[in-house]
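Asks: Dumping the structure here so I can ask a few things about it.
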Amino acid sequence: MTNIRKNHPLMKIINHSFIDLPAPSNISSWWNFGSLLGLCLTIQIVTGLFLAMHYTSDTSTAFSSVAHICRDVNYGWIIRYIHANGASMFFFCLFIHIGRGLYYGSFTLLDTWNIGIMLLIAVMATAFMGYVLPWGQMSFWGATVITNLLSAIPYIGTNLVEWVWGGFSVDKATLTRFFAFHFILPFIVAALVVIHLIFLHETGSNNPSGISSDSDKIPFHPYYSLKDLLGVVFLLATLSILVLFSPDLLGDPDNYTPANPLVTPPHIKPEWYFLFAYAILRSIPNKLGGVLALAMSILILALIPHLHTAKQRSMMFRPLSQCLFWVLVANLLTLTWIGGQPVENPFIIIGQTASILYFLTILILMPLTSLFENKLLKW
């Protein structure tokens, strides 16, 4: 068996990636979220495939096909809710995974980090298009509002929006192409995940101390495979409780009303995992400025390795940077809350303040604090 594992062309790759992989001996539970993201992606692809067997991407039947899945298909309701809440679990793990990368300085592995940013954008695009498919009120108006942002691009904006829509408004052509892209993107994400892992295994994993762990490695299996299994149990338990006891907790009641272009919902908002970016978009009164801020709220991650001024890689021994990191986390939670509130005072001013603080923290405060810590340590 050992010989097959180490000599067979395919088994050899799996062995070097998941069994005999040398891993740092001190990585904490924050490193569990990578494997949990792999599990989430698998769950989403499997449940999505079964949903696609019964879903019809036509404006006249999309809403009723989702109702048909829930009422008439064997266990259709649970497949639908695992898929919907699985997306929430996916983003929850994704945000923690990125946060861990920021805290422990994993962004210094440039190739891995940049592929990770591409993965984030691809997953966000997939989730957005998936939200449009049930063709409820929030699906229709969310698609209209977000795609309409492209019209802010000078010269080509209007033509670009109509090209994305496939007409002069969000309609049948839009729904059909969104379904096609929503189906293919998870497989592109899976391919990017493989590239992400290839780059990670080129350099080896980071660890909480941020220093080289070449002198102290242990095999991935059984140590970290068992450790990851604990995370899997927690994730599946949380997802099961959410699906079986409160499946609509994170959804919007407006999406149980069929899409109607003549009636605008009182408050258009995306799913909770986009609310921080939506709050940044709304905080700027100018349309083009808002779109640029929205794009930068994600793309700013690509600048972080170049803004890293500290002599130490990890924040483990940098208390001032730790404080700033948790200020950033609190700020993102504030933005998420604001994104779900109506556009009125005091929410407008809170959103604007939090948006300024978000960019200020990443672009100015964190690099300056790192330089100050270098001075304190006489480096």
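For all residues, glycine too, the Cβ spot is worked out from N, Cα and C.
On a predicted model such as this, the values are computed, not experimentally measured, just so you know.
Annotations for this protein, taken from Swiss-Prot, read as follows:
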- 33-53: transmembrane segment (TRANSMEM)
- 77-98: transmembrane segment (TRANSMEM)
- HIS83, HIS182: heme b b562 binding site (BINDING)
- HIS97, HIS196: heme b b566 binding site (BINDING)
- 113-133: transmembrane segment (TRANSMEM)
- 178-198: transmembrane segment (TRANSMEM)
- HIS201: ubiquinone binding site (BINDING)
- 226-246: transmembrane segment (TRANSMEM)
- 288-308: transmembrane segment (TRANSMEM)
- 320-340: transmembrane segment (TRANSMEM)
- 347-367: transmembrane segment (TRANSMEM)
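Locate each feature and note its surroundings.
Replies: Beyond its flanks by at least six residues, the transmembrane segment (77-98) meets 30, 33-34, 36-37, 40-41, 43-44, 47-48, 50-51, 66, 69-71, 116, 120, 123, 127, 130, 235, 238-239, 242-244, 247, 250-251, 271-273, 301 of its own chain at Cβ-Cβ distances under 8 Å.
In sequence order, GLY48, THR126, MET129, GLY130, LEU133 constitute the residues six or more apart from HIS182 (heme b b562 binding site) in its chain with CB-CB distances below 8 Å.
In the structure as shown, the Cβ atom of HIS196 (heme b b566 binding site) sits within 10 Å of 21 other Cβ atoms.
Distant neighbours of the transmembrane segment (113-133): 55, 57, 62, 66, 87, 90-91, 94, 98, 101, 106-107, 139-140, 142-143, 146, 174-175, 178-179, 181-182, 185-186, 188-189, 192-193, 195-196, 199, 270-271, 273-274, 298-299, 301-302, 304-305; these residues of the same chain sit at least 6 beyond its ends, with a Cβ under 8 Å from one of its Cβ atoms.
Counting Cβ atoms from all protein chains shown, HIS201 (ubiquinone binding site) has 14 others lying within 10 Å of its own Cβ.
Sequence-remote contacts of a segment are chain residues at least 6 beyond its ends whose Cβ falls under 8 Å from one of its Cβ atoms, and for the transmembrane segment (226-246) they are 29, 32-33, 35-36, 39-40, 43, 78, 81-82, 85-86, 88-89, 93.
Same-chain neighbours of the transmembrane segment (320-340): 99, 102-103, 269-270, 272, 274-280, 282, 310, 347, 350-351, 354-355, 357-358, 361-362, 365-366, 369-370, 372-373, counting only residues six or more beyond its ends whose CB sits under 8 Å from a CB of the stretch.
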Asks: Against the transmembrane segment (178-198), which of these stretches has the most C-beta pairs under 8 Å: 33-53, 288-308, 347-367?
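Replies: The listed stretch sharing the most Cβ pairs with the transmembrane segment (178-198) is 33-53.
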Asks: In whole Å, how far does the CA atom of HIS201 (ubiquinone binding site) lie from that of HIS97 (heme b b566 binding site)?
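Replies: HIS201 (ubiquinone binding site) to HIS97 (heme b b566 binding site), Cα-Cα distance: 17 Å.
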Asks: List, by number or range, the same-chain residues at least 6 past the transmembrane segment (33-53) whose CB is under 8 A from its CB atoms?
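Replies: For the transmembrane segment (33-53), the far contacts come to 69, 79-80, 82-83, 86-87, 89-90, 93-94, 96-97, 100, 182-183, 186-187, 189-190, 193, 228, 231-232, 235, 239.
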Asks: List, by number or range, the same-chain residues at least 6 past the transmembrane segment (347-367) whose CB is under 8 A from its CB atoms?
Replies: 279-280, 282-284, 293, 296-297, 300, 303-304, 307-309, 321, 324, 327-328, 331-332, 334-335, 338-339, 341
Asks: Note down the number of other Cβ atoms within 10 Å of the Cβ of HIS97 (heme b b566 binding site), including every protein chain shown.
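Replies: A count of 20.
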